[in-house]
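Feature annotation from TrEMBL assigns signal peptide to 1-18. For 34-54, 74-95, 101-120, 127-144, 164-184, 232-254, 261-281, 287-305, the entry in TrEMBL reads transmembrane segment.
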Amino acid sequence: MKWYLVASLLTILTSSQGILTTLSQTNGKYKYDYATIPFLAEVFKLIVSSVFLWRERKKSPPPKMTTDWKSVRLFPIPSVIYLIHNNVQFATLMYVDTSTYQIMGNLKIVTTGILFRLFLKKKLSNLQWMAIVLLAVGTTTSQVKGCGEASCDSLFSAPIQGYMLGILSACLSALAGVYTEFLMKKNNDSLYWQNIQLYTFGSIFNMARLVVDDFRGGFEKGPWWQRLFNGYSITTWLVVLNLGSTGLLVSWLMKYADNIVKVYSTSMAMLLTMVLSVFLFSFKPTLQLFLGIIVCMMSLHMYFAPPHMLVDIPPAIKSDPESLVNVPVDRKTDS
């Protein structure tokens with residue numbers, strides 16, 4: 001399967017995530033425990049990967065599966081990074097408002113490029129670096145509201161702790177993505193075997209979060225497994241299916257493409273969500289949104305287009321044999 005088809009599908013699914021999550025609410029509130037969504041999504045990804053690995057093992061030759069502990073012990077690390085990242089997100093929102101947090105979140109586009117270069121030793125051209133910066137500028141522009149509004153002023157009035165935590169959050173998000181790509185590409189193991197390792201630890205960490213929530217709440221609502229599906233509707237299950245499918249597509253891109261492709265997919269998904277919200281939720285489009293879309297499209301073209309489409313390279317000058325003139329050369333003879 002071509003990477004751009006997977007990236008396009010990832011864009012569509014990611015853009016529908018926020019819309020489905022909004023539609024799953026009842027009177028602006030969740031009737032279900034939102035912490036169960038990531039857990040069930042991890043379990044879904046684990047089941048799907050197990051089925052595909054089972055089918056793959058029936059073929060000849062069987063897929064490569066590294067089972068030594070030195071390799072397996074690396075797979076919980078992304079889950080640990082995401083766990084820290086989630087806590088940093090909550091801490092950041094204590095100092096900045098939601099709109100400022102969303103804008104600061106675009107820093108992960110640039111930090112992904114930097115870590116991509118430092119840790120994976122992937123060299124980017126100057127045009128590609130410019131494209132990455134343009135993508136961050138475009139997504140930020142689309143999120144900025146009118147300069148006369150209070151949210152515009154709040155962007156520069158947050159405490160220094162908020163900005164530091166925002167930068168840390170962007171770095172952690174990029175680090176988790178880059179490290180996951182390193183895991184997926186460090187050997188020729190089956191993608192599904194690698195997924196099983198990732199999602200097993202992901203399920204364990206998400207289940208641990210549910211247990212911690214129970215202890216914090218004093219088991220007021222009972223243990224998490226008794227209320228796992230409470231309040232679930234068809235739309236809620238679509239959210240789980242969407243989140244799980246998105247994770248499977250991301251792992252495919254990490255294995256056969258790279259982090260930058262994923263960053264472009266998720267950034268374009270954010271813009272697509274805004275456009276769809278105009279029709280679904282009476283969202284009023286702004287000039288900043290249109291400008292942001294144009295800048296992001298320019299960035300997309302600049303990063304992935306061949307260099308000869310971006311820069312006018314003069315054709316090599318070929319000599320015409322008929323235009324060559326024989327020039328006689330006088331040879332001096334010894335007297």
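Glycine residues also receive a Cβ, built from the backbone N, Cα and C atoms like all the rest.
Contact check: the transmembrane segment (232-254) against the transmembrane segment (127-144) gives fewer than three Cβ pairs closer than 8 Å, residues 6 or more apart, which falls short of the contact criterion. The stretch in 34-54, 74-95, 101-120, 127-144, 261-281 that contributes the largest number of Cβ pairs under 8 Å to the transmembrane segment (164-184) is 101-120.
Most Cβ pairs under 8 Å to the transmembrane segment (127-144), among the stretches 74-95, 101-120, 287-305, belong to 287-305.
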